[in-house]
């Protein structure tokens with residue numbers, strides 16, 4: 001087994017059919033070997049399935065397909081394979097090649113699962129180095145820390161009526177671990193020549209920035225573990241998979257954008273929230289309402305699944321069932337208030353102070369209307385009624401914003 005992994009890390013449920021995406025490269029070939037070993041050792045009720053998709057981008061792709069075919073025969077596993085014209089699909093859908101390839105793979109995995117007719121999960125070989133590269137790319141685009149989450153389980157919507165359960169069991173494992181395992185066990189794999197090209201930004205980061213960071217002691221596996229400390233591998237159920245509850249985007253992304261560009265942006269954001277794409281056109285439906293409101297510089301649109309609103313120079317998108325949209329529980333003793341949000345928050349308690357929530361007409365100890373403070377601090381509308389307030393003699397002393405993921409604000413009493 002790979003360093004830091006156990007059999008339970010790879011098998012959240014032994015009754016599932018594991019559909020393992022296999023390109024023929026190092027990561028997915030090692031993953032195929034691991035699932036084959038577990039199945040033949042009696043750890044799985046159903047045989048894992050290998051899946052290979054030829055994107056039709058390289059002359060050598062047919063050799064990759066034949067390699068995976070031989071691998072499946074050697075491991076004694078069923079193989080499903082297909083070939084597509086990825087450039088054509090990307091052009092038709094308005095995606096880049098990476099996005100189009102990912103969507104095509106997941107849709108075919110879903111189709112295979114339906115054909116098999118048993119409970120299944122799609123398995124991909126994303127590892128810690130992949131995750132670290134993704135974090136660096138997102139940082140370059142100005143993403144916030146919540147965009148850095150990459151849970152091992154995710155329910156991914158593929159269309160209005162179709163979702164797929166995906167499992168990424170190697171996120172605690174580094175590329176170096178995989179290379180050592182393959183060498184130790186004599187595992188052959190294919191090399192994708194495009195991985196050596198510096199034409200792509202991800203490759204440039206992989207070849208220059210990541211090695212420099214590793215020389216300074218950076219460890220990709222530790223990065224993933226730290227940001228996902230609350231996630232349990234192994235016997236975690238798919239239903240309990242952690243889901244991102246909200247995203248924050250710069251409002252500038254909407255300024256001057258066409259309806260198609262706005263839809264593409266929102267669809268990607270909703271996909272990240274495990275939600276279905278936005279409906280409507282430039283002139284009607286939800287998309288039409290967003291386009292109309294965006295002209296005024298303010299947004300507040302709600303569906304049964306999500307809430308989209310602007311605050312300051314940002315756009316917030318919440319899942320309607322987000323825990324952060326509910327008023328948090330709290331307790332108190334003689335010295336402090338203990339508020340239970342994303343974690344436990346403790347605030348010193350004054351003699352005449354209590355915890356309250358927003359009501360119209362509330363003012364701070366400086367005499368300013370609380371509504372004006374919410375606007376000044378760019379606290380989004382859905383959070384204003386749930387953010388805890390510390391109140392003294394009917395005036396707000398403190399906005400406990402950290403409880404709901406925004407800034408704490410304290411007020412001094414008027415002289």
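Heads up, the Cβ atoms here are built off N, Cα and C, so glycines get one too.
TrEMBL: automatically predicted annotations, no manual curation.
These features come from TrEMBL:
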BINDING   23, 24, 25, 26, 27, 28  ATP binding site
DOMAIN    18-207  domain 'tRNA(Ile)-lysidine/2-thiocytidine synthase N-terminal'
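Confidence for the domain 'tRNA(Ile)-lysidine/2-thiocytidine synthase N-terminal' (18-207), expressed as mean pLDDT, is 86.
Apart from the site residues 23, 24, 25, 26, 27, 28, the chain places the Cβ of 22, 29, 30, 125, 189, 190, 192 no farther than 8 Å from the centroid of the site's Cβ atoms, the recorded ATP location. In sequence order, 125, 126, 127, 130, 170, 175, 178 constitute the residues six or more apart from residue 27 (ATP binding site) in its chain with CB-CB distances below 8 Å.
For the binding-site residues 24, 25, counting C-beta atoms within 10 A of each C-beta gives the highest total at 24.
According to DSSP, residue 23 (ATP binding site) is assigned to coil rather than to any helix or strand.
In the shown protein chains, 26 other C-beta atoms lie within 10 A of the C-beta of residue 28 (ATP binding site). Shown in sequence order, 52, 64, 68, 190, 192 are the residues of the chain, 6+ apart in sequence, with a C-beta less than 8 angstroms from the C-beta of residue 23 (ATP binding site). Taking the Cβ of residue 26 (ATP binding site) as reference, residues of its chain lying under 8 Å away and at least six apart in sequence are, in sequence order, 175, 178, 179, 182, 189.
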